[in-house]
Amino acid sequence: MMLQKSLSNQSLPSPALPVPSACRPRSSSSRLSFRVFRSEAVGSSSSPPPSCSETAAKSAPPLVPDPPSKLFESTAVSSGKAGPYPGGLGPHTGRDPSVKKPGWLRQRAPQGEKYTRLHESLAELKLNTVCVEAQCPNIGECWNGGGGAGGEGDGIATATIMLLGDTCTRGCRFCAVKTSRNPAPPDPMEPENTARAIASWGVDYIVLTSVDRDDLPDGGSGHFAQTVKAMKNLKAEILVECLTSDFRGDLEAVSKLAHSGLDVFAHNIETVKRLQRIVRDPRAGYEQSLSVLKHAKVSKEGMITKSSIMLGLGESDEEIKEAMADLRAIGVDILTLGQYLQPTPLHLTVKEYVTPEKFDFWKEYGESIGFRYVASGPLVRSSYRAGELFVQNLVRANKH
């Protein structure tokens, strides 16, 4: 699922242990985005394109800090000239000047009638969006219904709402959401208000996501479930995907949400096994995430499960294949793969910009090992193409 704040509002994580400051998606307001993705079929290939490195697959590097911050440069220095970032960089952070952003990641500034109309509607409803908070590169295309950043589209739009506020209790090194150990309590009226807003928009497929809320006894699972039930009460035919946290591994919380009436249970492993402690907050974990996805699958018959992996963090092809195999082993149906983009120099360094051709390879490979649907591309995010007609048909078919 499925995926953000100004730097001045964040406390920086320490090198050894990311410490939450004021942080997927994750006040009492919700967030909305419209996302549409189109991919083209690719020819069959038995091996990855040569543009991607295979060397790391043979000997994974040890978990050691990146070079000192003086080797990295920032373009955000007040003088306007590139130079060493003025402090705050931890291990694995900073910008590597040898890794240049390619042209295929450039996006036009968002515009268009649909974009403007939605922007005004959200402001009026006082709803925060995942698109803005996560600095999503697809905001123009998604809000225009698939027509690109500057044009109107006729694709299937998917609304993505963020619950439980805009402040996370965790500090993952890839995420720009603000963090705090003690965020504001959830708005008790949010489930009902969100349901009413969604019913008025007339969309057919909704993604609900949230920040991590380790401060709540159930991690926010009950709040999720209330929102799903309220939406189904107002519009029984709506399809609901929940992109969740790991609820600290609480399987009762997972079951509660799985039986709330949702149609797709999504939880992201984010990266390959070796890089988990570098990329994610220490309270998250590879095996814990697999356990959550497995339990969601077995706790309710016919449940469709989904996960997502970021590429470009230093993973090898063999490690990606291992992660995909682990997800298939627990019955995950849908997978998304996208390029990691560094929000600021204080976040994880981009190790590689994966080519569109390599993403095409991973789509084909994923489908060849049994995933029922794979969205793979440089700008693909967790809730990208979530409401695709194929996915809607897949959900409805599982109900019969």
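Heads up, the Cβ atoms here are built off N, Cα and C, so glycines get one too.
TrEMBL does not curate its annotations; it predicts them automatically.
Computed from a predicted structure; not experimentally measured.
Pulled from TrEMBL:
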type     : residues                       : note
COMPBIAS : 1-10                           : compositional bias 'Polar residues'
REGION   : 1-112                          : region 'Disordered'
COMPBIAS : 11-36                          : compositional bias 'Low complexity'
BINDING  : Cys131, Cys136, Cys142, Ser383 : [4Fe-4S] cluster 1 binding site
DOMAIN   : 151-372                        : domain 'Radical SAM core'
BINDING  : Cys168, Cys172, Cys175         : [4Fe-4S] cluster 2 binding site
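Within 10 Å of the C-beta atom of Ser383 ([4Fe-4S] cluster 1 binding site) sit 35 other C-beta atoms, taking all shown protein chains into account. If you measure from the Cα atom of Cys168 ([4Fe-4S] cluster 2 binding site) to that of Ser383 ([4Fe-4S] cluster 1 binding site), you get 19 Å.
The Cβ neighbour count for Cys175 ([4Fe-4S] cluster 2 binding site), using a 10 Å radius and every protein chain shown, is 29. Between the C-alpha atoms of Cys172 ([4Fe-4S] cluster 2 binding site) and Ser383 ([4Fe-4S] cluster 1 binding site), the distance comes to 19 Å. Distance between Cα atoms for Ser383 ([4Fe-4S] cluster 1 binding site) and Cys175 ([4Fe-4S] cluster 2 binding site): 16 Å, as a whole number. For Cys168 ([4Fe-4S] cluster 2 binding site), the count of additional Cβ atoms within 10 Å of its Cβ stands at 30 [all protein chains shown].
Residue density at Cys172 ([4Fe-4S] cluster 2 binding site): 26 other Cβ atoms are found within 10 A of its Cβ, drawing on all protein chains shown. Confidence over the domain 'Radical SAM core' (151-372), given as mean pLDDT on the 0 to 100 scale, stands at 92. In three-state terms derived from DSSP, Cys168 ([4Fe-4S] cluster 2 binding site) belongs to an extended strand segment.
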